[in-house]
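Q: The compositional bias 'Low complexity' annotation in TrEMBL covers 12-27. Per TrEMBL, the feature region 'Disordered' maps to 12-33. If you look up TrEMBL, you'll see Gly94, Gln95, Thr96, Ser97, Ser98, Gly99, Lys100, Thr101 marked as ATP binding site. Per TrEMBL, coiled coil is recorded for 343-427, 543-612.
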Amino acid sequence: MEKISVAVRFRPPTTAAPAADQSPSSTGGDREWRVDDDTRITLLHRSAPVPGASFAFDHVFDGAATNERIYGVLVRSLIRAAVDGFNGTAFAYGQTSSGKTFTMNGSGDHPGIIPLAVRDVFDTAREVSDREFLIRVSYMEIYNEEINDLLTLGSEKLPIHESLERGVYVSGLREEIVNSAEQVFKLLELGEANRHFGETNMNVRSSRSHTIFRMVIESSAKNHMDSGDAIRVSVLNLVDLAGSERIAKTGAGGVRLKEGKHINKSLMILGNVINKLSENGKQRGHIPYRDSKLTRILQPALGGNAKTSIICTAAPEEIHVEETRGTLQFASRAKCVSNCAQVNEILTDAALLKRQKQEIEELRKKLQGSHSEVLEQVILKQRNDMHKSELERDRLAMELDEERRLRETLEHRLAEQQKMLDGISNTSISPDQFTDSIQFESLKTPTSKERPAEFVASRANYSKDVEFSPIPENLGTVADEDLWMQLNKGCVTDLEMLEMTPGFKCATSLADDKASVATPDEEPIDARCQRLEKDCTADRQQLEDSKAWRAALEEERDTLKRENSSLLDALAKARQDADRLVADRLEALRELDMEKSRMDELKQEIKLFSQAFSLRQGQLTSLYTKSKAIVENCKTSQLALP
């Protein structure tokens with residue numbers, strides 16, 4: 001475990017007058033910051049230390065410190081570690097107009113950390129004589145929580161992905177293979193021209209986005225590629241964060257106000273991540289890396305596999321005391337975060353250097369004895385084209401997988417909708433097919449078997465107990481008292497206590513039926529009419545409810561049909577997109593084959609060039625020999641003359 005290296009840099013004070021709306025009382029009196037022993041800083045109020053406002057860091061730089069000194073103290077060791085295979089990250093944090101961009105990018109006479117680190121990477125790689133390096137760079141910005149590629153116009157809103165081989169990466173980001181610092185500086189100029197800047201009350205050229213300059217450094221032992229040795233792959237992130245803003249001081253409005261909100265939100269999430277990481281293990285809980293694209297990309301550098309250095313910039317003016325205090329509190333919490341950095345070695349073919357070395361090794365051997373810088377540039381261009389083709393192929397494969405998953409989801413939903421439609425078609429009942437409610441009720445599932453009309457049960461009361469009930473051989477359609485006596489041996493069966501199927505609407509017992517049949521005139525006519533009218537009303541209500549239920553089912557069926565149609569359209573569109581992606585992939589493969597054929601042609605041209613060079617060298621040697629012989633003959637002739 002290794003602690004994050006944290007330093008604080010105070011920019012020189014400005015001569016600008018305070019804002020008109022800030023009186024001395026609003027700034028809290030005569031307050032100033034004092035640096036002690038280059039490691040501690042204390043807030044003083046009228047030359048007296050303020051309680052709880054003293055902070056200790058690895059390094060504290062005053063306004064006289066230069067970018068070269070800060071780089072040498074804080075970042076140079078990080079660059080050496082990155083060349084050796086460790087991941088590294090360095091970023092500047094602070095309020096707006098506190099000097100972050102100057103610290104990272106610098107100016108013409110005072111280069112910042114990024115240009116110094118670029119030169120140091122190539123110088124350090126040249127010093128390592130037993131390893132061969134392949135370096136590629138990319139440059140991106142996070143503007144309003146969207147990732148843009150600064151090296152390619154139109155590459156906006158790029159997604160973030162994660163894999164076992166590459167870790168957290170931005171899909172579709174342009175990467176350029178470089179072999180000199182000058183090439184990197186040209187790419188940086190291109191990226192700075194595409195970056196978002198704006199003017200506020202506190203800064204004429206204020207950064208409106210977070211920028212991440214990334215260098216991927218791959219290295220392998222020379223002359224050991226065929227032995228299966230591991231490839232070291234390290235990622236170096238140099239980050240220039242946009243500054244936190246107070247609307248009252250910046251006077252931002254409109255687009256600038258929207259940009260400031262996104263900047264403050266991402267910096268707040270970065271502070272939350274640092275707060276969680278600074279807590280101990282039991283109280284840490286969930287770390288919100290995914291709440292912001294900035295923390296998601298920098299996840300390996302915050303508590304992960306990387307060496308990290310943070311430069312917190314601050315303004316010394318009294319009107320910025322509260323913002324400076326917040327920056328120092330962030331730096332104090334970041335000082336408690338630990339990373340677990342280790343050398344990154346890859347044994348598979350995932351390393352770009354291992355894939356390309358075999359194809360270029362033969363060309364390099366033939367070019368070692370000749371002065372052909374043009375051919376070296378051609379080879380570098382071919383390597384970049386091959387890398388771009390591989391990135392495009394990966395992107396197309398990823399899009400094809402996403403389209404395939406989307407198509408499977410649509411097919412699954414379509415099958416479910418079809419099942420629901422089939423179920424509705426099978427279970428829908430049309431009450432209009434029946435003439436009256438009695439016919440409709442007759443189609444319902446019966447709850448019990450009907451009793452035959454000719455079967456009349458008549459019995460007497462018996463009280464004899466028996467042990468069993470013999471079944472007679474012959475049963476007629478009329479049960480008399482002798483039959484009941486033979487069946488039950490005198491046991492009385494209370495038909496009212498028998499458990500009937502629930503929902504069976506009938507008379508309570510056979511005795512009641514008998515009574516009702518025997519004496520039909522006992523119920524008054526008016527009461528019977530009222531009862532029948534109530535039954536008819538209930539039947540009509542039930543019929544109306546059935547009609548409403550049927551209408552609801554038909555409406556749901558129509559809705560499902562419309563959804564089914566839309567899903568079919570989406571599925572057809574997804575299939576068209578999948579076919580298009582397959583065609584694009586085939587086209588990319590054809591282009592890759594064409595590039596390979598061009599490489600073969602280049603190899604053939606180099607071979608012819610080598611043969612012509614050897615032939616020319618032989619001719620020059622023969623001409624030199626003949627010339628020498630002629631000179632010797634001339635000398636001999638001159639000596640022979642008297």
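Keep in mind that glycine also has a Cβ here, set from the backbone N, Cα and C atoms.
Relative to the rest of the structure, where do these features sit?
A: Every protein chain considered, the tally of other Cβ atoms within 10 Å of the Cβ of Lys100 (ATP binding site) stands at 26.
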Q: Per residue, counting other C-beta atoms within 10 angstroms of the C-beta, which of the binding-site residues Gly94, Gly99 reaches the highest number?
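A: The most densely surrounded of these binding-site residues is Gly94.
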Q: For the ATP site (Gly94, Gln95, Thr96, Ser97, Ser98, Gly99, Lys100, Thr101), what does the 8 A shell look like? I mean other same-chain residues with CB within 8 A of the CB centroid.
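A: Sorted by sequence, the hits are Arg11, Ala92, Asn203, Gly243, Thr313, Ala315.
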Q: Please list residues from the chain of Thr96 (ATP binding site) whose Cβ is under 8 angstroms from its Cβ, counting only those at least six apart in sequence.
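A: Thr96 (ATP binding site) has long-range Cβ partners Thr200, Met202, Asn203, Ser206, Ala242, Gly243, Ser244, Glu245, Thr250.
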Q: Counting only residues 6+ away in sequence within the same chain, which have a CB under 8 Å from the CB of Ser97 (ATP binding site)?
A: Met202, Asn203, Ser206, Gly243, Ala315
Q: Across all the protein chains here, work out how many other Cβ atoms are within 10 Å of the Cβ of Ser98 (ATP binding site).
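A: Total other Cβ atoms inside 10 Å, all chains included: 27.
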